[in-house]
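What follows is a single structure, written as structure tokens, with notes after it.
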Amino acid sequence: MDVFLQQLINGLTLGSIYGLIAIGYTMVFGIIGMVNFAHGDVFMVSSFIALILFLLLTTWLGLSSIALALLIVLVLTMALTALWGWAIERVAYRPLRGSFRLAPLISAIGVSIFLSNFVQVAQGARNKPTPPMLNGGFTLLDQGGYAVTLSYKQCLIMAVTAVLLLGFWYLVQRTAFGRAQRACEQDRRMAALLGIDVDRTISLTFVLGAALAAVAGVLYLLYYGVVSFSDGFVPGVKAFTAAVLGGIGSLPGAVLGGLIIGLIETFWSAYFSIEYKDVAAFSILAIVLIFMPSGILGRAEVEKV
Amino acid sequence: MQASRTGRQDGAAALPDILRDAGIYALVALGLCVPIVSFRTELTQNSALDLVPRWAVVAGLCAAIFVLRVIQRLVLARRDARRALTPSAHQATEAVHGEPNAGQRASRLALPLFVGFALGLPLIAVLATGGLSQSRYWIDLGILILTYVMLGWGLNIVVGLAGLLDLGYVAFYAVGAYAYALLSTSFGLSFWVCLPLAGLFAALWGMLLGFPVLRLRGDYLAIVTLAFGEIIRLVLINWVDLTGGAAGISSIPRATFFGIPFTAGEDGFAARFGLSFDTMHRNVFLYYLILALALLTNAVTLRLRRLPIGRAWEALREDEIACRSLGINTTTTKLTAFALGAMFGGFAGSFFAVRQGFISPESFNFLESAIILAIVVLGGMGSQVGVAIAAIAMVGGPEMLRNLGFLRAVFGEGFDPNEYRLLLFGLAMVAMMVWRPRGLISVRVPSVALKERRAIAGSLVREGHG
């Protein structure tokens, strides 16, 4: 029971991070129908940006309050990563709009290879650890020597995720941009006829996706305390799995899928084998796509002749 | 845009506009570089991180972006001006007829040229470098490129002909390599027995993995095949009893000349044929082996394209629904494509194992799949010659970076061009797609035609979502 509870907490924490990345996949797929393969690497870049900003604030500028530093890091990282998302869309995807269907995917793979090697060249190939911060936590249950703890980090991760998702939900459901975004998702040409600036909406979608990936990047860095240039690929594929599992194009689906993937991964590691946890996640991707291609909350695709 | 369309003299007038635009690019580049390039994190003795500022690099990058953008705008303005002068009707006809004929002629000539050059390469290399052992670099590079040509041609069956997007092709390469490595180290089977077996194993895996994904299309198919590729790699890493785990399998038996080993001894290759012993004999033999395998792949593909199954593949690529309504069995069509593509991947894999003598799961990561797919797409999806050119460009090009040692004089002693190999590779992939989204040779020549074979420009081919 206590092991189960501990794994539940760990799984939900991991799932929140996957969910945040998955939103970027699902929104981009919804609006232009492409798998933004580079999204996982954008997440990795944001993690590095956060690491460097954090070091700058604490060691160079001598900021002593960790909470304030984290807040500034979060905001700045979101802004800088959003710029990356915008630039990538502008350079690598926009010229290919309306082109041959494989071209954006290949371009995205190119961006992904570029980003991970760019970071490797710029920052070196070794793992980069952060100074330990926000240690400690609440002990929820302590019986028979096994304590179930909810660390402050995990609280923070889940709280930040929940708040941001609420804000994001409001943005998509209640604002003019959200309406434009959903309109473009349904029918890009019709939306353009009704006076929506489609290019701008797509750009903003990438910006938002990157900003959410940046939040995930900051939280990932906080949680694991270490990042390396190759950390983008596997979380990226898992987040994509989450987006597909929840039903691609559906925002609540992406978060739900993220939580499910996070839970499966932690429970698999705890009860079966830690070596095969990635195999489990990838197998779920394959199984879901084969038996339930529209996911849990997605709409079934209608085949038109 | 407005200025460039009306003529060349306006292009000069728009210079401030161009400069402002390039300035914006440089500013964005500055924003992108700010924390990640401007500060390098260095591990200190007590494993904490130290920040080393590098503003000079950032300034250099931004300046480079600025200059490149100005050049790009100037070139674009000139091209637009030239386009504006020629009548638009000409452009339309060019798209339909002009380009295909040139492409058609080129591709008809290119294949014999390529084969001739490939056959003569060891001789040319030996003559140019002045000795068998000096030519080692060029022959090894030839082997590397031909391996990718073969993999590209194998994947071309799946992606280029049948239109099934496969991002996990490297899995079959791995199956072939491990099949040879395990069969030869555990049962002592020779390469020539293992080669067909490895192909069969890979084909079997192609069917196994192809079967569940029959209903998937496009990007979904790509992601599931990617997942399969990763699963196979992870199993290879973790199943230590069978595969040796991350350490891989070493001391795999080397290639023999149809049973005659390449050794210095009495019954070695050199002694039997009355030559003086040279380790390069084996490399030259391997070169011709992979050349033969690649040409076999090409020949089989070209023949299959004319058979009903090949025509069914191409029909499937263009429109799956039409295919089904015409009574083509899409299940067998897809499965044969997967199986045949995988088989050639398996051949290439066992060649890889026999050449290296050592394999580990790290040789079969996603990057390899991406490179092979990029070769096929860049080559033009279905064009055999295009794939060969793309393989030379994608594999040979980055390899050339190793020779750019003189850049050290410009960028300082610590500069290693090899570090930038994959970085430039990624950039090149993006640039190629933006420049030619349909690949180098995008012309389609029908395999079967009623009266005359007329090439079809790639832009006129509508591809279904198979």
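Note: Cβ is positioned from N, Cα and C throughout, glycine not excepted.
Pulled from TrEMBL:
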TRANSMEM  B:21-39  transmembrane segment
TRANSMEM  B:51-71  transmembrane segment
TRANSMEM  B:109-131  transmembrane segment
TRANSMEM  B:137-157  transmembrane segment
TRANSMEM  B:164-183  transmembrane segment
TRANSMEM  B:189-208  transmembrane segment
TRANSMEM  B:220-240  transmembrane segment
TRANSMEM  B:285-304  transmembrane segment
TRANSMEM  B:335-358  transmembrane segment
TRANSMEM  B:370-397  transmembrane segment
Short question: most Cβ pairs under 8 Å with the transmembrane segment (B:285-304), which of B:137-157, B:164-183, B:189-208, B:370-397?
B:137-157
What residues in the same chain, six or more past the boundaries of the transmembrane segment (B:51-71), come closer than 8 Å to it by Cβ-Cβ distance?
18-19, 21-23, 25-27, 29-30, 33-34, 37-42
Is it the case that the transmembrane segment (B:370-397) and the transmembrane segment (B:164-183) touch, counting contact as three or more CB pairs under 8 Å in which the residues of each pair are 6 or more positions apart?
yes
Go through the chain and flag residues at least 6 beyond the ends of the transmembrane segment (B:137-157) whose CB is under 8 A from any CB in it; none is fine as an answer.
118, 121-122, 125, 128-129, 166, 169, 173, 280, 283-284, 286-287, 290-291, 293-294, 297-298, 301, 304, 313, 337, 340-345, 347-348, 351-352, 355, 371-373, 375-376, 379, 381-382, 384, 387-388, 390-392, 394-396, 399
Counting only CB pairs under 8 A, let me know which of B:109-131, B:189-208, B:220-240, B:335-358 has the most with the transmembrane segment (B:164-183).
B:335-358
Using a cut-off of under 8 Å between C-beta atoms, tell me which stretch among B:109-131, B:220-240, B:335-358 contacts the transmembrane segment (B:189-208) the most.
B:335-358
For the transmembrane segment (B:220-240), give me same-chain residues lying six or more residues beyond its boundaries with a C-beta closer than 8 angstroms to one of its C-beta atoms, as numbers and ranges.
164-171, 174-175, 178, 209, 212-213, 246, 361, 364-366, 369
